[in-house]
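Okay, so here's the structure we're looking at.
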């Protein structure tokens with residue numbers, strides 16, 4: 001009998017927050033590069049690509065961490081660790097996902113291929129970075145930002161000032177929200193020697209997260225002023241600022257379940273800013 005439920009959990013399809021956090025920056029880029037009106041074809045290619053590559057990343061991560069996950073309370077029952085899915089099954093799923101992603105990539109300009117290769121290489125390397133880099137979130141930031149240049153290139157645009165601002169916003173955002181995520185497992189990670197910015201930042205974790213959020217949210221103002229955005233952009237910008245404030249409140253006591261909740265709330269920030277970008281470009 002095929003363990004469909006275990007496959008769904010291995011690919012994290014039951015927890016779509018990872019897909020959303022990869023999709024929103026790509027959507028921001030598609031809207032920016034197409035003046036608010038990306039084609040249906042591009043949307044479908046990038047949306048499916050997001051799902052396939054995020055799922056592939058989860059499989060790669062679980063293959064690399066299958067011996068570590070059993071020592072972390074939050075991950076000890078993942079399908080590979082628990083034996084519900086075999087290692088060979090995981091590799092077959094990974095192969096299928098990468099092939100599906102390649103088929104989508106063939107529909108995009110050749111220059112997208114170079115960024116896709118970088119993305120795949122980083123995705124394979126990232127799980128191992130947690131073992132020797134104090135700030136593996138920097139690597140994750142690169143991996144989760146590759147959809148941005150690909151969206152601009154696929155839309156026939158140069159990597160212009162909009163791209164630079166958006167790349168900085170997303171890279172900073174990833175470090176901030178993944179540090180919140182890492183705060184959830186900090187106690188277990190310290191025991192088994194897994195590294196993260198939550199550990200590296202030590203007692204300055206909340207302050208650094210706050211500074212990162214202020215920086216990235218301010219960059220949106222730079223973009224909006226340059227685009228002569230109307231008042232509704234700023235209304236949504238203020239709403240998003242409220243979401244960031246709520247996240248900082250959640251992580252204040254460093255309670256693991258609240259830190260994880262703060263991470264999940266990042267999805268609302270991405271959604272609100274997607275609406276803000278879309279309205280600003282109408």
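Just so you know, glycine gets a Cβ as well, placed from its N, Cα and C.
Because the structure is a prediction, the values reported are computed rather than measured.
Residues of the same chain lying 6 or more positions beyond the ends of the transmembrane segment (17-37) and with a Cβ under 8 Å from any Cβ of it are 43, 46-47, 50-51, 53-55, 57-58, 144-145, 147-152, 155, 157, 162-163, 166, 169-170, 173-174, 177, 263-264, 266-267, 270-271, 273-274, 277-278, 280-282. The transmembrane segment annotation in Swiss-Prot covers 17-37 (among others) and rests on sequence analysis.
For 40-60 (among others), the entry in Swiss-Prot reads transmembrane segment, with the evidence type sequence analysis. Residues 10-13, 18-19, 22-23, 26-27, 30, 34, 90, 93-94, 97-98, 100-101, 104-105, 107-108, 119-120, 123-124, 126-127, 143, 147, 150-151, 154-155 of the same chain, all 6+ positions outside the transmembrane segment (40-60), place their C-beta atoms under 8 angstroms from a C-beta of that stretch.
Residues 7, 10-11, 41, 45, 48-49, 52-53, 55-56, 59-60, 62-63, 80, 116, 120, 150, 153-154, 156 of the same chain, all 6+ positions outside the transmembrane segment (90-110), place their C-beta atoms under 8 angstroms from a C-beta of that stretch. The transmembrane segment annotation in Swiss-Prot covers 90-110 (among others).
Taken from Swiss-Prot, the feature transmembrane segment covers 113-133 (among others). Taking Cβ pairs closer than 8 Å, the transmembrane segment (113-133) reaches residues 53, 56-57, 60-61, 63-65, 98, 101, 105, 139-140, 142-143, 146-147, 149-150, 153, 193-196 in its own chain, all 6 or more past its ends.
Annotation source Swiss-Prot lists transmembrane segment at 135-155 (among others), citing sequence analysis. For the transmembrane segment (135-155), the residues of the chain that approach it from at least six positions outside its boundaries are 21-22, 25-26, 28-30, 32-34, 38, 42, 45-46, 49-50, 57, 108-109, 111-112, 115-116, 118-119, 122-123, 125-126, 129, 162-163, 166-167, 170-172, 174-175, 178-179, 182, 195-197, 200, judged by C-beta separation under 8 angstroms.
Summarising the annotation, Swiss-Prot assigns transmembrane segment to 163-183 (among others).
Through the fold, the transmembrane segment (207-227) approaches residues 161-162, 165-166, 168-169, 172-173, 175-176, 179-180, 197, 201, 233-234, 237, 240-241, 244, 247-248, 251, 273, 276, 280-281 of its own chain, all at least 6 residues removed from its boundaries and within a Cβ separation under 8 Å. Swiss-Prot lists 207-227 (among others) with the feature transmembrane segment, giving sequence analysis as the kind of evidence.
The feature transmembrane segment is assigned by Swiss-Prot to 231-251 (among others), with sequence analysis given as support. Sequence-distant contacts of the transmembrane segment (231-251) (same chain, at least 6 residues past either end, Cβ-Cβ under 8 Å): 177, 180, 183, 205-206, 209-210, 213, 217, 220-221, 224, 258-259, 261-262, 265-266, 268-269, 272-273, 275-276, 279-280.
Marked as transmembrane segment by Swiss-Prot: 262-282 (among others).
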